[in-house]
Amino acid sequence: MDISAVALIASLIVAATPILLAAIGELVVEKAGVLNLGVEGMMIIGAVVGFIAAVNTQSAFVGFVAGALAGGALSFLFAILTQYLLSNQVASGLALTLFGLGLAALLGHGYTGIKPPASPKMEFFGLSELPVLGPTVFHHDLMVYFSITLVAGVWAFLKFTRAGLVLRAVGENHDAAHALGYKVVRIRVAAILFGGACAGLGGAYLSLIRVPQWTEGMTAGAGWIALAIVVFASWKPWRIILGAYLFGGVTILQLNLQAIGVDIPVSYLSMAPYLVTIVVLVIMSADRARASLNAPASLGRIFHASN
Amino acid sequence: MIKLIPRNQPSKSMIALTPLIAVLLTMLVGGALFVALGKDPFAAIRMIFWDPLFGEHAFYYRGQILIKAAPLIIIALGLSFGFRAGIWNIGAEGQFIMGAICGGAVGLAAYPSDSWLLYPAMVLAGALGGMLWGLIPAFLKIRFNANEILVSLMLVYVAVNFLSGMVTGPLRNPDGFNFPESRAFQSFSAAHNPEIWAGTGIHIGVLVMLGLVVGCYVMLTRHIFGFNIRLAGQAPRAARFAGISPNRMIMICLGLSGALAGMAGLFEVTGPAGKLSTTFPLGYGFTAIIVAFLGRLHPVGIFLAGLLLAVTYVGGDIIQSQLSLPKASIQVFQGMLLFFLLAVDVLVMYRIQLLQRRVR
């Protein structure tokens, strides 16, 4: 068996989509000046709730909605902690991840080994029949196209709308934004909720389409990789796609190498996505001046309007 | 309406009180969770917090508490220095695993030696392995400005895969019918970390843990290093003017926490776990983060918090067997504990003022 490029690209897109969804959500959160390290927790909650909802209603669509809602609900806890109770964002994000992993395992107890309802693949009036472009570009499930649309939407929102400008202002300098009369806390809460919903959606994609079934701890660091991709993308929406597909590519390539039985033990191949994440982080952060130019200036800082 | 008024000084009484408030809140909400799962909340809370200490089988559980507390406290002590200085090592789980692999490999290589030097050499190798694993994010942070949170966490997954590579490859038990696990350390006493007094659960790691609690207390409150750490955390600019190099801080904090986590891993693998296998990682490295915060990053606090979390671990085993609840429910409990702690922590730096509506 050898590796066909067409099948490779088609499956890398599927592998990348959960990370893509989570990363674009986290990008908006970080643009608003909040560092939410709980992506992993929100993803796995989205995965398990989406899976349960989809299995019980036999509708993948309901599953995705439920996953997004669950991710949003969990992120609301983070919002309360960091925005109203002024907790440290790093610690709160970690708490969110630990809590989410536990809660997901508890909720998913008894849902292992079940098949979720299938999500139909899109057909584009014969375009899907094209020899190479068909399977790679025009023959995916709806969520793949939705994720790319979402990136475009976020890009347009941040670049062209007034609300997007306000959100960026809050992220760059929350004191100035506050002085101008913008509701810093409210805007950040909204951004956190959006990020949570996206992460939940990404998780649901993982359990409903990518794998597709529920296993404990199935995100296996995908949420953390999404965080790294935001850094990789230098907080620019379009580069999120590039980053996510790069990681999807590494994952799929590694899986394919396992399948054709290269002379490297499986365990070492499985390290590849994580090692690549580290390498990419190193490369993107090495230029200190540029890295600090791109990062939102108020990232991770606590805002409290004292009078 | 409620308003937060900043305090001039962090409240001393609140620093001590908030962990207790957090535990109480966790019991309350955890009880509600058990109701939602259709279990008797009072029985469940009693099983988690009371039975391990004073219940019918407490003579057995008390030893288990120390066994679980030792790695948690050792790791958390290391993490607390970095957390104080704003250096976030959240990959202790990976350093724990690497310590177990490196130290364990030294022991396995010497099989079937009976030299008394072997165990100290293994402890040293474990600490070194964990330290080197912790220094990777430190180096990448200093040299390339890479975020140590993400790098140290990614290295956890690398370590987990490395472990499975080791136990299916070089470190697999040659007499073990191809099971993915190493030789049991019990099989040669020089590499074994036994219970010193039968039934107490006290092994070498527990004694080292007690020593480390004292050592870290002295270091933090009496030594210039502890002062520098506190300075770097509370006033980074002042620390820089005082000539404290942030880069050295990063190296020391990550190296130290890695070394302690690695040592804990070695004690665990040669003692309670017994052998290297793919099921060896139990998440102590992550739970230790909760321990460090709950203990207020202070050695004595960490000691108490570690015991408490160990109690919940043992209690989790009890509810798992007696109420047939999944193992994960205790993880939810522990996560909740950190949540509530962070939430009530606001009371340390702020006081709450109830604004009364003015009556005309």
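Counting starts with 1 at the first residue shown.
Glycine residues also receive a Cβ, built from the backbone N, Cα and C atoms like all the rest.
Bear in mind that the values here come from a model prediction, so they are computed numbers and not experimental data.
Features of the protein shown, as given by TrEMBL:
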| type | residues | note |
| --- | --- | --- |
| TRANSMEM | B:20-38 | transmembrane segment |
| TRANSMEM | B:58-83 | transmembrane segment |
| TRANSMEM | B:117-140 | transmembrane segment |
| TRANSMEM | B:149-171 | transmembrane segment |
| TRANSMEM | B:196-220 | transmembrane segment |
| TRANSMEM | B:249-267 | transmembrane segment |
| TRANSMEM | B:279-295 | transmembrane segment |
| TRANSMEM | B:302-320 | transmembrane segment |
| TRANSMEM | B:332-350 | transmembrane segment |
Contact call for the transmembrane segment (B:196-220) and the transmembrane segment (B:279-295): at least 3 Cβ pairs under 8 Å, seq gap 6+: no
Criterion met for the transmembrane segment (B:249-267) and the transmembrane segment (B:58-83) (at least three Cβ pairs under 8 Å): yes
Candidates B:117-140, B:149-171, B:279-295; stretch with most C-beta pairs under 8 Å toward the transmembrane segment (B:58-83): B:279-295
